[in-house]
Amino acid sequence: MLSPLRTLFRFQESGLLLVIVALGVLLTAFSGTVRTPVFELGPDGARQRVFTTNDAGERLPAFIEKNKFLNAQNLAQLAKDTSFIAIMAVGMSIVIIAGGIDLSVGSIYALASVLGALAFQHFGPTGAAAGTAPWLAVSLGALACVGTASACGLINGSLIVALRVHPFIITLGAMAILRGIAFVVTKGQSVGGFPPLFREMVRWETAGGLSLVPLGVMIVVLILGWIFLSRLAAGRRVYAVGGNELASRFSGIRVERVKLGVYLLSGLTAGIAALIALGYYGSASSGDGQGYELNVIAAAVVGGASLTGGRGTALGAVLGALIIQMISSGIVILGIDQNYSQIIIGTVVIAAVVLDNFNTWLAKRRLTAKAG
């Protein structure tokens, strides 16, 4: 019964959990506190301020001291922000495990956002098809968003397979092209005016402000990614291609089909993240997802995906996304200049790659010693 858990929580994931706990302890210890007003529910059910009386008999608003990091509002924000990166990081990890890379993931996210937003706007309260049934409007808008992203991923994979060009070059070009298309389509303007049902579906929150839909979708993507990579033959083929492409060809694996599939999945996860973000924020622009390339790749690499291919897990990608987001959140909470954010994340990526290379070298040395 514990076998699936042992498979899910390998040694590396356990190490990532320790890093997350350590980061949480450090941020809790050094973030300081913030004064927040106290509210309570009035007789009519509305929130109202709580007042207290001081020694002089003056009536003053009540405040409570909260830790800047370890409080419900910040943790809810952290969970929401992590969800978007983690969803895409699962798709990115699958690409990296297969020996590829996708630099266009942020631009795919942007183009899917704006085309999905235009579809939702078309069926929105002021759109040309405002009378469309709400469930149909939401379904068509979601299809436009996720379908666009999946098509972009499939095109990336097709070009990589057909032209036999390194994925870095193809996806670097796609990053610029897709971002440019998003800008041309929107003329640099934001797009809004979605069907109310769509926003109501996505902005489902607990009393503490925890966004349930982004978090729930992230968990579903994590579970599906774990099943795909560890329980299905298709996932084993992904590991095989990333570990040794030539040997995979000789063993009868259709390498081109595997490559097409992993880039399709990368686009699909970017589209899912874009769809959830559309519903949560209620608008889209060509600048959406800018810089996501670094964060998503960083999450995958920190989570244990080897840039040489053949290694990585879905759970590692999610834990890596949480670490990256905790670092970004910590920079804000500690009052550090946000310009240092990219420097720190880039340093973390390099450190993760160096550690991965060291572990690979160490493993080879042990095998050589045993053979000798």
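Keep in mind that glycine also has a Cβ here, set from the backbone N, Cα and C atoms.
Automatic, uncurated: that is what TrEMBL annotation is.
The following features are taken from TrEMBL:
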- 83-101: transmembrane segment (TRANSMEM)
- 108-124: transmembrane segment (TRANSMEM)
- 136-156: transmembrane segment (TRANSMEM)
- 168-186: transmembrane segment (TRANSMEM)
- 206-229: transmembrane segment (TRANSMEM)
- 260-280: transmembrane segment (TRANSMEM)
- 292-310: transmembrane segment (TRANSMEM)
- 317-336: transmembrane segment (TRANSMEM)
- 342-362: transmembrane segment (TRANSMEM)
Between the transmembrane segment (206-229) and the stretches 136-156, 168-186, 260-280, 342-362, the largest tally of CB pairs under 8 Å belongs to 260-280
Highest Cβ pair tally under 8 Å against the transmembrane segment (292-310), stretches 83-101, 136-156, 168-186, 260-280, 317-336, lands on 83-101
Region pair the transmembrane segment (317-336) / the transmembrane segment (83-101), three or more CB pairs under 8 Å: yes
Would the transmembrane segment (136-156) count as touching the transmembrane segment (83-101), if touching means at least three Cβ pairs under 8 Å and pairs must be 6 or more apart in sequence? no
If we skip the immediate neighbours and take only residues 6+ beyond the ends of the transmembrane segment (260-280), which ones have a Cβ under 8 Å from one of its Cβ atoms? 80, 83-85, 87-88, 90-92, 94-95, 97-98, 100, 102, 105, 108-110, 112-113, 116-117, 120, 142, 145-154, 156-158, 160-161, 194, 198-199, 201-203, 211, 213-214, 217, 221, 234, 238, 288-289
Under an 8 Å Cβ to Cβ limit, what residues of the same chain, 6 or more beyond the ends of the transmembrane segment (168-186), are close to it? 101-104, 106-108, 110-111, 113-115, 118, 152, 155-156, 159-160, 284-286, 288, 293
Counting only residues 6+ away from its ends, which parts of the chain sit with a Cβ under 8 Å from the transmembrane segment (83-101)? 109, 160, 167-168, 171, 211, 214-215, 217-218, 221-222, 225, 228-229, 238-239, 241-242, 245, 258-259, 262-263, 265-270, 272-273, 276-277, 292, 295-297, 299-301, 303, 305-314, 316-318, 320-322, 324-325
